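The next block holds one structure in the form of structure tokens; read it before the comments.
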Amino acid sequence: MSTMNVKASSGGEEDASGMRSATLGEGSRSGDIKKGQAIIAACVIATIELTFIFMQMGVMPYLAKSIGLDSVGFGYLQTTFGVLQLVGGSIFGRFADKFGARAALILSCASGSAFFLLTSISTSIPLLFLSRLPAVFMHGLPGAQKVITDMTTPSQRADALGKLGLCFGIGIIIGSVLGGVLSTKFGIFAPIYVGLVANLINVMIAMFWIPLQAKPKTDHHLTEHSNVFSIREILRLMKFPGVMEVFIVKVFAGLPLGLFLIMFSIISMDFFGLEAVEHGYLMSYFGVLQMVVQGLVIGKLTSRCTEMTLLKLSVFVFAGVGLGMALMRTVWHYCIIAVPLVFAFNTLGTITDSILTKAVPSSDTGTMLGICASVQPLTRTVGPTIGGVLYKHFGVSSFGYLQLIVNIGLFVYLLKSNIPLTEMKSQ
């Protein structure tokens, strides 16, 4: 009798254990589905925001001209946008760390709505400059990156961040085409109105598709009384092992190329002799290359090579791209150079973002992504002046030689230095 009771008891325990395992399995699958939905939602938000940012960049020169802003004033307008993005990147990252990725994305999308709303009523030069103010919090791509870093393991991060780069390529292609079509058929403000509606849709997507996560455990540096605007807290991240070294490589490896791209609209007209339509085709070609590299290449490389190996490879390829840029003479040469250029540019950005977010505590990944996102606005801020001087006095080849020299120096530095990279555990 007792034996039967023991067997019955044992069978009950096994059944209970099986039920617990099944429940845990279902919970895990449900969690994976929610994570997948959140990542998809973040990618959709980033794609929509980037599409309409590129769209408004295409129509903005015509809008500025229509209200009497000359080329010099338009340069100031672009610089204003770059400075606001530069200042806001790190602040946005700190906000994401304190209040979560969903709140950060809602802030970004709401700022985008305000940006397009103010632009739609910009009938004078002061109003046009005022419309740039919401750009300080328009950081949909870093917000999406924050969602991915929260939802993926460190081993999955580089591949996931690489695939997020598809959004950039889609934004270039669709945004460039859509802006021209809408403005031609329905007037110069039509793309702006569509951008306003699209950003309101983004707010709804962020509210309902991005989960509200528990706040991460924080150390003394991120207490409830910690200030989102604290520069000291931002600079503190640079003291983690290897962070400063990798960040320096991130900034300087792509800086000469950034200067070239800022001047590219002028170079395409004067040096390559392209018409506006041909320039649009060239930009679409870049968008396609971007999608191929981000969607098909980077993920496979990250599964077979270490991140430091890929970092060295991207810098080395950048040096080769510099030599090619120095020697190119026609747009066809540039189309060939564009293949390794896009590869190096995207690999460098993805790998450095992955390394840097792993090197800091999980409670600081948003701030780190915000700092990384400030690199391009910094280039856009100083680029017109430096790039203009280089182009005017030394020609197109000067960008290539600068790219070659800087990246050879960085490659030698990476070979000789032993950068102390340590992966921080979740905190």
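The backbone N, Cα and C atoms fix where each Cβ goes, glycine too.
TrEMBL annotations: computationally assigned, not manually curated.
What you see is a predicted model, and the numbers here were worked out from it, not measured in a lab.
Annotated features, as they stand in TrEMBL:
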type     : residues : note
DOMAIN   : 35-421   : domain 'Major facilitator superfamily (MFS) profile'
REGION   : 1-31     : region 'Disordered'
TRANSMEM : 38-64    : transmembrane segment
TRANSMEM : 76-96    : transmembrane segment
TRANSMEM : 103-121  : transmembrane segment
TRANSMEM : 160-182  : transmembrane segment
TRANSMEM : 188-210  : transmembrane segment
TRANSMEM : 246-267  : transmembrane segment
TRANSMEM : 279-298  : transmembrane segment
TRANSMEM : 310-332  : transmembrane segment
TRANSMEM : 394-415  : transmembrane segment
Interface-richest range of 76-96, 160-182, 279-298, 310-332, 394-415 toward the transmembrane segment (38-64), CB pairs under 8 Å: 160-182
Candidate ranges 76-96, 160-182, 188-210, 279-298, 394-415 - greatest C-beta contact count to the transmembrane segment (310-332) (under 8 angstroms): 394-415
Cβ-based contact of the transmembrane segment (279-298) with the transmembrane segment (76-96), 3 or more pairs under 8 Å: no
Spatial neighbours of the transmembrane segment (188-210) far in sequence, C-beta under 8 Å, 6+ residues away: 37-38, 40-42, 44-45, 48-49, 51-52, 55-56, 58-59, 62-63, 66, 101-102, 105-106, 109-110, 112-113, 115-117, 119-120, 140, 147, 178-179, 182
